[in-house]
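Report on the structure given below.
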Amino acid sequence: MYSTSLLRWLVVALVSAVPLVTAYGFVPYPQNDAFYYPPDGWQNTERGDILKDRKIQAATLGILKWNLDAWQVLYRTSGARPNTPSYTVTTVLVPYNAKRDHVVTIASPENSNFIQCAPSYAFRHTGVLEIANFEPRWEQMLYTLFLAEGWVVNAPDHEGPESAFSAGRLGGHMMLDSMRALQKYGPLNIPDNAMHIGHGYSGGSTPTGWAASLLERYAPELNVVGWSMGGSMTDPLYTLDSLDGNPTSSLVLAGALGIVDAYRDEVGNYLHDNVLTDEGKIAEKVMRNSCVYEAVIRYFGATFQSERYMKDGRKLSSFPELTHLTDMNTMGRYPQYTPKKPFRMFHALHDEEIAWHQANKTAVEWCNNGANVNFITFSSNDLVHVTTYLWNLPYLVQYMRDRFSNKDFYGGNCQFDVEPNNPLFDTSILGERFKELLEAVLDILGKKIGPKDSIILNMIKSGKNPNKGGVWNDVLKSTTVSPGEGGNKSPESKKATKKYKSESKAEKKQPDSIPSSSSKSSSDNKSAHAKYHAHGHGHGHASSNSNNGHSHSAKESSTSKGSSRRHVARFM
């Protein structure tokens, strides 16, 4: 019903929009937009301070205007390390009759190494049909669900100027500092005690999970009342390895590049100089100049961990400099980084892109260390990566309503639920019109819904489903557990619980330096982090900026006591 009409609409819109390129021109790309460059002295500001601001006309697909107030602010934040100054942009959407003490911060899946793919640019009204960077744009269509509740929506560019895809700690810092920035920005009138909820799906789960993990140490003053994430990439190395040779295998190289870029001042151009072949370097250039769908099409089904792209055909796991970084960005690995606020996680058992059991393992480890988690497994063969997100939206909104109302969340314990059936779209939660919206979005994405979904069946038949190593549908049962009791009866849950019980209660020490065998590639590892240094091409922070950072307490927190609040700091 929707496919034909929507396809026709898109074709007509595309043809109609072509003349607009000449007639009206583009809104500048981020790499050409002065707004994205911080003023002199920005390193000496506090986390969450506003460096620049502007009011914008928000839009979807570049041409569909949103009838609400929207601002963008450039704010001070941190890179992968809390003492490394950085900056990024967030986009704030304020509906009519907004509840300004209800803020939903959403990490849109960017999944790329190119600043042009940032969510902030995807929100701009360009006057031209924009479909190249479709990853954040299709999710933005769903923000209406949160705006209709009267909630303020905050959407930070969580990959930062490095476009550091899959660098969880960096994204976590940037999410938390975006919440601080909203409370400091006068035109928004967000109260200091505003309630915040963080959410992210798929590529957006990485910064969300780490924001939740870092909250108590990095931004304890924020009144966060809950977290939500699904289709979660909690173990970056495992996920990248499992994607290799699959349709979205471009994410293997993009993810590895992103993590290294986040720590460039420590490991330099490690992948480029030590790992990639000449063909691999060509692929790297493509990643640094493409959004996710362009890269996926270009390298559809490629095997990056092969002699064609990596020296000697080695796997990512064979490079200690890289595994050190992925270990640091694996959720649940360090007990001291356990979320303390209510957390809803959901995942399809047969997710064809991000393996269920690594997300489940993280939920178990978090629970064992005192988290308050509800982990929902959807075991139906009909639910895959995208459909699981869309059909869960009504229940996500209900969860957020409950969190803003401070309702009990499993008495502080953990709840592991198994749902064997597809979620029924409850129109009593959102209404019939939103059901139609989700069905339309599904049609745009080309995802089939229904019994014997050909997508998941083909993935299983071809052996390319990342869960082929273990799908434990027959042993999964809903259960309530306390710390130390595990989560469910899957092998991964048992393994995580056994490990928890056998270890001492002493905290694991977080590695603070790269292994001594690491070889930095060139003297430009120390170069200044100037105006998005080769902006949009993945070059990241330089260590010279870290010397300008403020000292931090053991909790890594900074409450910006010395900074002016509720105004824009000017350093022109």
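Every residue gets a Cβ built from N, Cα and C, even glycine.
As the structure is a computational prediction, the values presented were derived from the model and not from experiment.
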Cys291, Cys367 - which one Swiss-Prot pairs with Cys117 by disulfide: Cys291
Out of Cys291, Asn360, which has the highest number of nearby Cβ atoms, where nearby means within 10 Å of its Cβ, if these are the recorded positions? Asn360
Over all shown protein chains, what is the count of other CB atoms within 10 A of the CB belonging to Ser202 (active site, nucleophile)? 24
Which of the three DSSP states, helix, strand or coil, fits Cys291 (disulfide bond)? coil
When the Cα of Ser202 (active site, nucleophile) is compared with the Cα of each of the recorded positions Cys117, Cys291, Asn360, His385, which one is closest? His385
Of the recorded positions Cys117, Cys291, Asn360, His385, which one sits closest to Asp351 (active site) when you measure Cα to Cα? His385
Distant-in-sequence Cβ neighbours of His385 (active site), under 8 Å, six or more positions away: Ser202, Gly231, Ala348, Asp351, Glu352, Glu353, Ile354
Its Cβ having more other Cβ atoms within 10 Å than any other among the recorded positions Cys117, Asp351, the winner is Cys117
